[in-house]
Structure formats: structure tokens, C-alpha cells
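Trainee: The signal peptide annotation in Swiss-Prot covers 1-23. Summarising the annotation, Swiss-Prot assigns Cu cation 2 binding site to H83, H126, H542. Per Swiss-Prot, the feature Cu cation 3 binding site maps to H128, H483, H540. For 560-580, the entry in Swiss-Prot reads region 'Disordered'.
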Amino acid sequence: MVASLLCTVAVAVLAVAAVGGEAGVVEHTFVVHEMNVTHLCNTTKIFVVNGQLPGPTVDVTEGDTVVIHVVNKIPHGLTIHWHGVRQLRSCWADGAGFITECPIPPGSERTYRFNVTDQVGTLWWHAHVTCLRSTINGAFIIRPRDGKYPFPTPVKDVPIIIGEWWELDLVELDRRMRDGNFDDNPLSATINGKLGDLSNCSGIVEESFVLNVKHGESYLLRVINTAFFSEYYFKVAGHTFTVVGADGNYLTPFKTDMVTVAPGEAIDVLMVADAPPAHYHMIALANQPPEPDPQIPKYISRGLVRYTGVDANNNGLPVPMPIMPNQHNTMPSYYFHANLTGLMHPKHRRVPMHVDERIFIILGLGTICRGRNTTCKRQRSLETIEVATMNNVSFTHPNTTALLERYYDGTPEGVYTEDFPVRPPRPYNYTNPALIPPGPLEEVLEPTFKATKLKRFKYNTSVEIIFQSSTLLMSDSNPMHLHGYDVFLLAQGLGSFNAKRDIRKFNYHNPQLRNTILVPRGGWAAVRFITDNPGMWYLHCHFEFHIIMGMATAFIVEDGPTPETSLPPPPPEFKRCDAS
């Protein structure tokens, strides 16, 4: 079925390219359909795009127009989000379910059309309704218009998409988590959809991802984390990396033997095949919090780097394995991210030195009473449901309308309010270890309600946000993703943020530009940005369970003074919720 489907609807790629570097049009058709896949002795029905797992790579050049036709042949509604694409004045195409649009119904089609402006590097795309992004995802590569990189040009670039293999139906997984059940786990990590040969069932060894290389040549690995639950450590035995980019922006080259990538992040690394020709294992290992956090299985996938000219049994030699950190050691992730800085180049943007609005966001966890009850037995009883919060508010996601439509039409009543708190309701010691186990100290800080509270900004406002992890989260880090923007990551630190002490750590010279900010376990991150892109922009943690639990909000950015600084009306291909 898949083969005939792809023959008739095959990915239509129209690249009207560029003589003399002119922008073109890149056009694809994404057919979303069911497919049976067998792993670990069991056959699972999954949802994919064009018969591929991961899905097709969208490969464009800076300045191109992208047109994607999505055909929904699965029994569930879905949207496609272009993760990290700035969507300048094209918020209608962002693809955030119930934020910018209602889902594409089963049997229907939708076209996304947008420009790619002032971005170069690796982004990605994924489904943005329920848990479908586990298998509906792929790389989104933006190449420089002049074909020149600020680092040695690789002979080849290779997406390395790290994910998870779930046997549980993903729509059922979403339902279970919304009901407060967080006991389900994937069976394995994956590299480019392969579980790897460390996984087996009844003697049947799973297939590994294989990267074929030639000695002396360099390769650009585009490492993307699509997983629900974990950061990942990624290494190749006998090789080092030079980190050159992240989230569609260049970085100051940084040498390391290991990459750490959080859910939502995309990290670009150069790898030179300079080891003695042989086979070398690559490992993706999930980094998971230590006790007393709930302990989950070890997720790992093993792939292979294979040099040309080496026979299938590695000339009779053992295949080297990389030495990995302890899976519960979170500090390598902190140090990796802290060592990254933005690359100074002619087009780099400068940090706003003046701040118009300062926001302090505490990332927390707690319980509320189930149903419409206002009182209930606490201490994680069956009368409560666990929620995640930002400044003590757990976000209620709409499920019948889209926030962008309501904002554009001027009809927010009964759907959202614009009173998202810009600071926590009560200060406390946010990283007090005594708050980790549930108990009376934690209970007085817990939220009491869910709501759809948004924050509105005037156009061209300079905003500073301090994200603070709390021990109410136990030991989770938090990859916070802001749609529609790149933000300057000024600093990260451990412990509770202290302005007098920590502002001196801010990097105003060459900070990273990121769309996904990893707020470290028991620590904080400081960002700044200018609200120069009007629309409705979703802000959320990229751990799937935190999204479902309510660690989210949306920013409304008003129109500027001119048509060129304003959100245009919905394009002809946009389908309103009542017409979906």
C-alpha cells in the first residue's frame, strides 16, 4: 500500500532555483498515513509521512519560499509545526495545534506556505497535536544563499535524529497522561528510526543506523532530539566533534568528544573521519535525573560509523565503544551548554541593552483537585491530578478553537485572558532540596487551578525573561521552546537566580541565539529578545509530559505601526476552525 501510495503521490519537490543566488520555491507533499512496523518481536501500527521514519527532509536555501501540502489519511486530526522557523509575519503557518490553527481533520488537506528569512542551519518539523510527533517528524535544513559556511565545507551532511520507540498507541498515551498516568515508557532510544543492535528479542537483533565515511573527509552531523522524555548524550568512539551551530544559528567553533541535545534542540557538529580505518560504534544515551526522582528504564541506541575499505567483520577486530557518562549524571549537559557561544559574523544580531519588560518565571509542579472539586485530599492522592506550572499557573489548552483566530477576530471572551503573571505569587527558596519529596512544605506552594492565561506585548518591546527551575519539579531540566523567535541566551546558572550576583555573568558580546532554551536542573537561564514578529506565539517546555501537564503559555505580539510590521490577514489556503 505504501509503495503504491508513494508512486502516485510521491514527494513533489519543486525547487525553482536560483541562477545567481535568487530565491526559489521548495514544494513538498506530505501524505500522513498508517504503517505497520515490527520491532522487538511485536508489530505496532504507527503514523508516518510518505512511508518514512523519520520523515522526509525539507532542504531549502536561505530566502526560499516553502510550500508544503499535508494530506491527512489517519483517523486523527493533526497539524505540522516548523520548529524554529521564525515565520516572520506568517504566524498563520506556524502549525501549533489550537494555538495558531485547528487540526487538519481526517481525510482533509492543508497547505502551509512561508518564507525562510535570515536563518541558516538545522531546524526540524513535527506533528503538533497529541503525541503524534514521536513518529511524524523530520529534519528542516536551511543552506546559506551564497553556499559558503564559516567553517570547512563538509563533503556531506547527515541528519542524526534521536528519538524513542513506543509500542503503546500514541493517542492512547496522550489520553493516559492527560488523566494523570505517567507510568508508561518507551522501549528503546532510536537513531534515525533504528533501535540498534543492543536491542534484541528471541535472538533477533535490531538493525543499527550506519554512517559510511571515507578517511580524511569531514561530515556535518545535524543532531536533533525528537524524544518525549530525555536529553541525550551522543558520542562516536575514536572521534571528536566541532560544534558549529544550534537551532538554525552559527556558534563559535567548540571542540568536544560528546554532544548533549535536549528535546527540541538541533545541534550542528563537524566530524572528521581521521581515525584509523575501521568500524566505530556511535551511542545515543538518555540522560535521566537521579533518585529520589522516579526512575525509568535506560534508553540507549547504538549505531555504527563504517570506513570504506574495511570488511564487514571489521578485519577481525573488536569494534570500539565510546565511554559514556553515567546516565544519571546531569552535569555534562550543563557544562556542554554553558560552553556554547554565538559566532560573531557580519550579519549577527546585537543584544538589546535596554529592557522594557522583565519577567521572572518559576517552573514548577504540583497537584490540583480532579474535576470541578475545589477541595480534596492532597499528598498525591487519587483525588488530585498532577500538573506542571509557570508562576503557579497550569495552562489549559483550548480544544475547539485556535487562540490566533480569537485574537485576530477580537473575540477572546471565554477562551483566554491576558493576565499571565510576570512573577511568582510568592517568593521562596526555589531550589530547596526539602521540597523534592511531596509533603507539607511543598503543599502550600502548589497551584489551585488551571487557566488559559496569556501575555500581551506591544510591538518592538525589549523583553528579558529569567526561567527558574524549582525543586517542586524534583530534578527535571526544562527545554523551553518559544515559537516565532530566536532569543539571546545571556547566561545559565545553578541554584536560585540572584540578580545582584548573577547579572554580572550575562554575555552581551556573543551569546547564543536559540529557539529552545535548556533551563538546567536546579538552575536558571536568562534570555532577551525584541518583539518584532506580530502574532500569537506558543511558549512551552518540550518534554511531552510537561506540555500535557500545563507548562505553557502564549505571547501575543501586537502589530507595529506599518503594514510591513503587522500580521497580514489569513492567507487563502488557511482554514478557520469552523471550516476545517
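Backbone N, Cα and C atoms are what each Cβ position is placed from, and that goes for glycine too.
I'd like to know what surrounds each of these features in this structure.
Mentor: In the three-state DSSP classification, H542 (Cu cation 2 binding site) falls within coil.
Within the same chain, residues at least six positions away from H483 (Cu cation 3 binding site) with a Cβ under 8 Å of its Cβ are H81, Q87, D94, A96, I99, N515, W537, Y538, L539.
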Trainee: List every residue in the same chain as H540 (Cu cation 3 binding site), at least 6 positions away in sequence, whose Cβ is under 8 Å from its Cβ.
Mentor: F395, M480, H481, H546, I547, M551, A552, T553
Trainee: If I restrict to non-local contacts, at least six residues apart, and a C-beta distance under 8 angstroms, what lies near H126 (Cu cation 2 binding site) in its own chain?
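Mentor: Sequence-distant Cβ neighbours: I80, H81, H83, R133, I136, N137, G138, T226.
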Trainee: Could you state the CA-to-CA distance between H128 (Cu cation 3 binding site) and H542 (Cu cation 2 binding site) to the nearest Å?
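Mentor: The separation of the Cα atoms works out to 11 Å.
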Trainee: Helix, strand or coil: which one is H483 (Cu cation 3 binding site) in, per DSSP?
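Mentor: Going by the DSSP assignment, H483 (Cu cation 3 binding site) belongs to neither helix nor strand, so it counts as coil.
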Trainee: When secondary structure is assigned with DSSP, how many helix, strand and coil residues does the region 'Disordered' (560-580) contain?
Mentor: 6 helix, 0 strand, 15 coil
